[in-house]
Each structure stands twice: as structure tokens, then as C-alpha cells.
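Here is the structure we will look at, set down as C-alpha cells.
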Amino acid sequence: RGLGSDMVSPKTRYLVFFQYFGSKYRASSPRELLASPLLTIFSHTVLQKAAQNLKSVIPIKFHISSRTDAGVHALCNSAHLDIQRAPGKPPFHERELVCSLNHYLKPDILSACRVAESFHARFCARSRTYVYRLLLGCSHHSEIPVFERDLCWAPAGGPLDVPAMQDAAGFLLGTHDFSTFRSLSSDTPLKSPVRTILQADIRPSGGLLSHHYEGLEFWELEFRSRSFLYRQVRRMAGALVAVGQGKLSPLHIKELLERKDSRAFPPHAMAPPSGLFLKSVAYNEAGR
């Protein structure tokens with residue numbers, strides 16, 4: 001039966017992929033930051049305001065796949081949302097939805113696709129991949145190139161022992177209790193500390209305009225898992241850098257895993273948020 005002008009349009013669920021520069025989004029108060037990391041702040045401000053212009057019959061709520069701390073960036077994060085248009089109006093075409101949202105957004109919506117009503121951006125994700133960017137060769141923070149500031153971490157102390165870091169990363173692979181590698185949060189008692197790390201790679205990388213920067217080296221730490229604990233990636237990255245600096249041995253990573261206690265993590269070893277990027281969220285159904 002055709003869709004009449006007085007007939008209610010169907011509710012349609014979409015999966016959208018988007019990117020953002022994390023340094024632009026901060027919690028407005030310590031209480032807000034404690035209660036909800038960046039992704040909730042981002043979705044409830046920037047995304048929600050843009051969605052109001054879609055004139056959905058029902059309120060639009062973005063269900064985000066992956067939370068990130070303030071200062072952490074996303075090359076590609078994802079969320080699902082339901083839209084019900086006014087009577088007589090057909091569902092948005094995917095490209096039309098992307099253009100409509102981007103008209104009001106500075107962070108880009110990269111793509112969108114229609115998904116089943118049972119789809120959930122968070123729970124249907126097959127894996128999440130994070131990249132942590134390191135800059136070596138800076139003796140002082142002021143030496144970080146202006147176009148790389150807030151996009152990498154330049155740890156002090158000279159060159160890193162990359163082979164030792166690679167040995168240490170091997171202990172992180174597989175299924176473990178990662179209690180030592182998570183920060184405590186309000187939902188800590190509700191979540192199992194067991195996670196499976198599918199990838200933990202360390203490799204050289206290029207920086208923006210890196211051929212202009214003599215004596216500087218860029219490296220990437222890449223981690224992939226179905227899900228991560230609160231600040232787990234920043235703790236793993238910081239621990240591996242500590243190994244590269246000789247402050248920890250590769251075997252210390254194994255010992256930290258066996259401790260299963262967040263208080264056993266070395267003080268001040270967690271990597272800062274500025275070098276961390278959510279690279280991708282993969283799904284079977286969405287083909288990403």
C-alpha cells in the first residue's frame with residue numbers, strides 16, 4: 001500500500017561513521033568529565049544539535065559505539081540513530097542524511113547506512129582499533145612541530161628500545177584479566193576485566209610534513225580488540241613506552257597482568273590523551 005499524506009512514516013535506523021579532533025571537546029566541569037567521557041559530551045552537544053534540524057517526529061538519540069576521553073581523537077567512530085520523518089516524507093537516503101548532518105557540523109559525518117531495527121552500534125561491533133602516535137627526537141615539548149601538537153606524545157629521555165617494546169607487546173596479546181591496565185570508573189564493578197587483544201603492533205610512521213622535520217621520528221602503537229576497558233589503551237601505551245625507556249623490562253608487563261590490580265600500575269606511566277586515535281570500528285552487518 002502506498003504511503004498516504006496522512007500516514008505515519010516508518011521509523012528508520014541508521015549507522016553513521018564520524019570523525020573529530022578531540023582537543024576541541026572538553027567537559028564543562030569535573031563532575032561532567034567524571035560522569036561522562038568525551039563521547040557522551042560530544043554526542044549530547046554537537047551531534048544532538050545537528051540532529052534537531054532533521055525534524056524527526058520522534059526525538060533523535062545517538063547511541064555511540066565507543067567512548068573516548070577528553071583530548072582523544074577519532075579517525076572513525078560510529079553511532080546508530082532512529083529517525084521518523086513527518087507523514088508523507090520518505091526515509092532519508094544515506095547520502096542525503098550525511099549532507100544534512102554535515103551542513104550543521106564541523107566534525108565530519110563520513111558515511112551512513114540503513115541497518116536493521118535490531119542493530120546496535122555498540123554491541124554489534126566486531127572490533128575496535130586504536131592507534132597511539134609517538135614522536136621521538138624532541139628534547140623539549142616546545143620542539144614538537146606546530147602542526148603535530150595535540151596529535152602525538154613526545155616522551156622525554158631520548159630514543160626508545162623498540163625491540164624491547166615489541167617483546168613486551170607480545171605479553172598483551174590474547175585473553176587476559178586486564179585489571180591492572182584499567183583506570184577505575186563508576187562502571188568498574190559492572191564490567192568484567194577480561195579482554196582479548198587481537199593486535200598489538202609497533203611500527204614506524206610518517207607525520208604531517210615529516211620530511212621537513214630533521215631528526216624527528218614518528219612511531220605508531222596499534223591495538224585491536226572487540227572492546228577495551230576504561231583507559232586501557234593509554235595504560236598499555238604508557239607501559240610500553242616505559243619499557244622502551246628502560247624503566248620497565250618486557251617481563252614487567254607480564255607481571256603487571258598477573259597482579260590484576262589497578263593500583264599496581266606504575267605511577268605517572270599512563271600515556272596522555274593527545275596521541276590517541278580511535279582508528280576504526282568494524283561490523284559484520286555494516287561491512288566496515
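Just so it is clear, glycine is given a Cβ too, placed from its N, Cα and C backbone atoms.
Automatic prediction, not curation, is the source of TrEMBL annotations.
Since this is a predicted model, take the numbers as computed values, not measurements.
Copied from TrEMBL, the annotated features are:
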- ASP69: active site, nucleophile (ACT_SITE)
- TYR130: substrate binding site (BINDING)
- 169-284: domain 'Pseudouridine synthase I TruA alpha/beta' (DOMAIN)
Quick one: mean pLDDT on the domain 'Pseudouridine synthase I TruA alpha/beta' (169-284)? 92
Counting across all protein chains, other CB atoms within 10 angstroms of the CB of ASP69 (active site, nucleophile) number 19
Helix, strand and coil residues within the domain 'Pseudouridine synthase I TruA alpha/beta' (169-284) as assigned by DSSP: 42 helix, 33 strand, 41 coil
